[in-house]
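TrEMBL has this to say about the protein:
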BINDING   121, 184, 216, 247, 390  UTP binding site
BINDING   217  substrate binding site
């Protein structure tokens with residue numbers, strides 16, 4: 001046993017030496033990169049690289065999945081409240097004074113590349129020519145006009161989306177919404193083999209675009225604080241931010257949740273509220289809220305030891321998942337940021353660059369910080385508050401007559417008999433937005449649709465109706481044109497179908 005203990009001690013000593021060498025090499029490389037910054041860029045490049053260094057240090061310290069499965073417990077009953085209970089409290093007469101304490105923050109760092117679009121994802125048209133950003137501005141403008149309030153919109157951009165977003169913001173200069181932006185940090189990608197940055201200097205255009213990345217939305221706390229905007233908003237009397245992904249069309253300002261935060265029934269305010277919703281089969285990989293060491297904690301699938309992944313995906317054991325709609329106290333962000341006390345697990349995101357080089361990105365997620373805040377709460381909200389548009393299959397749903405649009409908000413049509421959304425799977429011919437738009441002469445009537453699968457070279461004519469379960473499969477080399485005015489109800493269409501005008 002003694003020799004075993006000695007060899008273990010030797011191994012850990014050896015690992016410690018390697019860790020120190022890696023950190024030293026990283027510091028040397030980062031200093032070289034910093035030396036190439038212009039005097040204008042020096043200050044914020046320094047802040048970015050300092051933040052990265054801290055993250056890299058933690059990455060070298062941590063081992064494997066960061067949760068001990070044995071410590072995971074179901075959250076106590078009162079730590080996740082049903083939305084109905086919060087809504088039942090009603091609204092006070094002075095809701096405007098409560099609204100004036102709120103800031104809406106949208107996470108706007110993502111590009112539309114997964115949907116075949118260049119530029120920020122928020123500028124993709126989703127409904128009647130309106131983009132995600134248009135709908136967001138319309139929602140807040142409607143709120144400000146209805147209650148005579150001054151709720152500002154803050155966009156967290158990344159270096160990928162900042163220029164294009166700022167150009168487009170000019171078109172809202174006459175809207176009844178103050179719009180502010182700040183930028184996420186810019187971190188260097190790391191060569192997977194050497195664990196050193198692939199960037200040689202600070203530039204991030206041309207050949208160097210692949211050398212840098214925005215480090216996930218967990219970066220919001222540091223970059224919001226570093227931008228000075230957090231302090232400015234606190235000075236204006238703002239108290240809470242409502243944070244959500246800009247591509248979640250269900251994430252609108254909810255007055256009942258806001259009132260619950262500002263006027264808590266027990267007199268003790270929550271610093272952090274996470275909206276969760278019930279899992280369906282489509283959401284088994286979503287992060288879930290658990291009780292861990294007497295704190296609410298978000299557990300993501302990447303942190304789960306391999307032997308327990310199936311248990312984690314079980315809809316009966318873990319019934320809810322995180323929508324990434326979060327309500328957070330500004331004063332708490334400031335306090336924790338100044339104490340360097342926001343603890344978020346590191347997500348190691350492997351990527352292969354165009355030239356074939358394997359790199360890793362170190363990222364964090366905004367919701368993972370829930371355990372660092374006092375008196376956190378989960379609220380189990382209706383599914384309608386989670387309507388993300390990640391693919392053209394999602395886009396088809398929000399463009400269809402399943403939803404009606406009112407003042408920037410989408411609501412499920414009253415004509416739909418089931419409150420659930422149909423399951424839509426469009427094949428690879430529909431992945432890019434421009435291909436998807438070319439294949440629909442008009443968006444089909446989907447009010448009575450349960451399930452749609454489309455694969456291969458398929459196009460839809462005008463005024464098609466889809467009901468029940470519809471499966472359309474064009475095999476390789478075949479083409480299927482669904483004629484104008486067609487009604488497909490519980491149908492499987494395969495082979496070759498072309499109806500030509502003579």
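Just so it is clear, glycine is given a Cβ too, placed from its N, Cα and C backbone atoms.
Just so you know, the Cβ of residue 247 (UTP binding site) picks up 22 other Cβ atoms within 10 Å once every protein chain is counted. Considering only the binding-site residues 121, 217, 390, the Cβ with the fewest other Cβ atoms within 10 Å is that of 390. With every protein chain in view, the residue among the binding-site residues 184, 216 whose Cβ has the most Cβ partners within 10 Å turns out to be 184. A straight line from the CA of residue 390 (UTP binding site) to the CA of residue 217 (substrate binding site) spans 16 Å.
In this entry, 121, 184, 216, 247, 390 make up the residues listed for UTP, with the farthest two CA atoms of the set 21 Å from each other.
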